[in-house]
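These notes concern the structure reproduced below.
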Amino acid sequence: MEPGNHTAVTKFILLGLTDDPTLCVIFFVFFLGIYIVTLVGNISIINLVRSCPQLQTPMYMFLSHLAFVDIGYSTSVTPIMLIGFIVHETGLPVHACEAQLCSVVTFGTAECFLLAAMAYDRYVAICSPLLYSTHMSSQICLLLVGASYVGGCVNAWTFTGCLLSLSFCGPNKIDHFFCDFSPLLKLSCSDVSIIGIIPSISAGSIIVVTVFVISVSYIYILITILKMRSTEGRHKAFSTCTSHLTAVTLYYGTITFIYVMPKSSYSTKQNRVVSLFYTVVIPMLNPLIYSLRNRDVKEALRKATLRIYS
């Protein structure tokens, strides 16, 4: 299709999850509730880590940054999705759509790197406890956190750069609830044979590298745990890892489905459902996953609650 024969697109229309008026009301209330829980849960984690002395450790520092990333991730998508339930077929200027994609990819990629850093932290704590203060010094922790955000920005610029190189001169209705790369690619009147592959290679490379770090870390952790003679020691070591493993499984399972698997292997409806899970649901679940099974967090929350009401 030749761009010169069509009017250039100035805004995109998000079709959202549904056009049924009754479902729109139900979804609005439901997802507004999820968003509020997401904000309250993650802000609580950040405040607890900053205010409680017993949580001033690398593990909880990473957890506080994960909470911040989850807030950014959810906020990049949910408010616009909620508007879509009130005003059907939400219109977004092209630059706003590009900015949303950039934000989603930045926070999503940063989460990958933070989860890998948290796995390495658990590896050092369990396999080399005597060297923990050296290997996980404040400088190294800040370096890992900084690298996570930089990695997120670099990957986001890969996606955004590819999007900026495309021309849109025909249909402008995105069959999605946010400006994801794959639905936008379908609307382009440019040759997408190469542009469509680059983001998948970039995202796939990050997933492979971070999964490798997580896998190797947990292989060594498992070997170390199996060598422990104390049943109590094994239980304690396992309990410090189960929350992280749960978060990793949920998150990587969904993003691998979207960004690595061939687009022909799933439908647009499946894409929306899985995208909804990793952009909206998982940011709400993470604070619950890490707090419900963590004695330190529960104790810090109890003390903070007592301080408020005393």
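Every residue gets a Cβ built from N, Cα and C, even glycine.
As recorded in Swiss-Prot:
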- Cys97-Cys189: disulfide bond (DISULFID)
- Asn5: N-linked glycosylation site (CARBOHYD)
- 1-25: topological domain 'Extracellular' (TOPO_DOM)
- 47-54: topological domain 'Cytoplasmic' (TOPO_DOM)
- 76-99: topological domain 'Extracellular' (TOPO_DOM)
- 121-133: topological domain 'Cytoplasmic' (TOPO_DOM)
- 155-196: topological domain 'Extracellular' (TOPO_DOM)
- 218-237: topological domain 'Cytoplasmic' (TOPO_DOM)
- 259-271: topological domain 'Extracellular' (TOPO_DOM)
- 293-310: topological domain 'Cytoplasmic' (TOPO_DOM)
- 26-46: transmembrane segment (TRANSMEM)
- 55-75: transmembrane segment (TRANSMEM)
- 100-120: transmembrane segment (TRANSMEM)
- 134-154: transmembrane segment (TRANSMEM)
- 197-217: transmembrane segment (TRANSMEM)
- 238-258: transmembrane segment (TRANSMEM)
- 272-292: transmembrane segment (TRANSMEM)
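Proximity of the transmembrane segment (197-217) to the transmembrane segment (100-120) is established through 3 or more Cβ-Cβ distances under 8 Å for residue pairs spaced 6 or more apart. With a cut-off of 8 Å on Cβ pairs spaced 6 or more residues apart, the transmembrane segment (238-258) and the transmembrane segment (55-75) reach fewer than 3 such pairs and are scored as not touching. Cys97 (disulfide bond) counts 24 other C-beta atoms within 10 Å of its own C-beta, drawing on all protein chains shown. Sorting the topological domain 'Extracellular' (155-196) by DSSP state (H, G, I as helix; E, B as strand; all else coil) yields 17 helix, 2 strand, 23 coil. In the shown protein chains, 19 other C-beta atoms lie within 10 A of the C-beta of Cys189 (disulfide bond). Averaged over the topological domain 'Cytoplasmic' (293-310), the predicted model has a pLDDT of 74.
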